[in-house]
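J.: Can you keep this structure in mind? I'll have questions shortly.
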There are 2 protein chains.
Amino acid sequence: MRVLGVDPGLTRCGVGVVEGRPGRPCALVAYYVVYTDPEDDLALRLLHLDRSLGDLVSEHRPDAVAVERVFSQHNVRTVMGTAQASGVAVLAGARAGLPVTTYTPSEVKAAVTGSGQADKKQMTTMVTRLLRLPEPPKPADAADALALAICHVWRGGTRSKLAEAAQRARRGGTR
Amino acid sequence: MRVLGVDPGLTRCGVGVVEGRPGRPCALVAYYVVYTDPEDDLALRLLHLDRSLGDLVSEHRPDAVAVERVFSQHNVRTVMGTAQASGVAVLAGARAGLPVTTYTPSEVKAAVTGSGQADKKQMTTMVTRLLRLPEPPKPADAADALALAICHVWRGGTRSKLAEAAQRARRGGTR
């Protein structure tokens, strides 16, 4: 399966695409960082992010999208922009008809390093090793997005499938 | 000018459309509340909101969109969903090529009631009076969206014009 991971941010939004199967090594397809100018109007910034993510989804045709879940405990100054960017990222997947799963930072860290408390350096090291890259992804913002994509591949999109089944059940099997 | 106001929310998103000129009474065009099911997947909810807002923008062809600015001081349990919904609302305006302005709750209250500390009841009373409605908007969620639209009409889209001018200046007049 091919997964597009998004580490949402309004100023820097990491995007990583990997391909793989649960329990097997993943292969890097591509990674990007979408930048928007903090001095620009919010509407222009969200529009740029929306179009960039839409383009990357069209280009890479992933089977699923994984987005980091945003918490209000994050940096209060930037959390609203991050939440808005995450909404745009989830929407980009949904609009393409793809299943979208959100993961907490701890879930991603645990999947990739074995510890939910891993630091940024450890995450980058593991992503570099797991994808057998000659050097760490640059800029570093892309590493978290790649980790999200790896996390989703290894979990086999389980949560998304469970959520879909639950939803079908609630709707009496009409979907 | 015709303004579409959005009081963003993931479960209930108020939308109000009014027409008017600065210093003159505004006229009601329409109001709505877009609902999404809290038990549904986040992706489905944002997609439903995105499509509904896109449809309302196409239907009413406003000259501008006004969206309430979300603060992290809001209810922490729901603030992330509200922020994501606000991102989708700003995007709906931007995607239609419209100027989008955000206002703080205090700015809207001050514009409509004369006091930045007005309560919900006072806001609803003033919106009902200003639009000369036979009764308060129902559901009440729509009143805040109408107040946002009135606020934007009365301020004559000033902030948005200033922001555009500043952006043009920064870009050396290329836009």
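Just so you know, glycine gets a Cβ as well, placed from its N, Cα and C.
Annotation comment: TrEMBL describes B:D7, B:E68, B:D141 as active site. If you look up TrEMBL, you'll see B:D7, B:D141 marked as Mg(2+) 1 binding site. TrEMBL lists B:E68 with the feature Mg(2+) 2 binding site.
Just tell me what is around each of these and how deep it sits.
T.: Neighbour density for B:D7 (active site): within 10 A of its CB lie 28 other CB atoms from the protein chains shown.
Taking all protein chains in view, 25 other C-beta atoms sit within 10 angstroms of the C-beta of B:E68 (active site). In this structure, B:E68 (active site) is part of a beta strand by DSSP.
In the three-state DSSP reading, B:D141 (active site) counts as helix. Note on B:D141 (active site): other Cβ atoms within 10 Å of its Cβ, all shown chains, come to 21.
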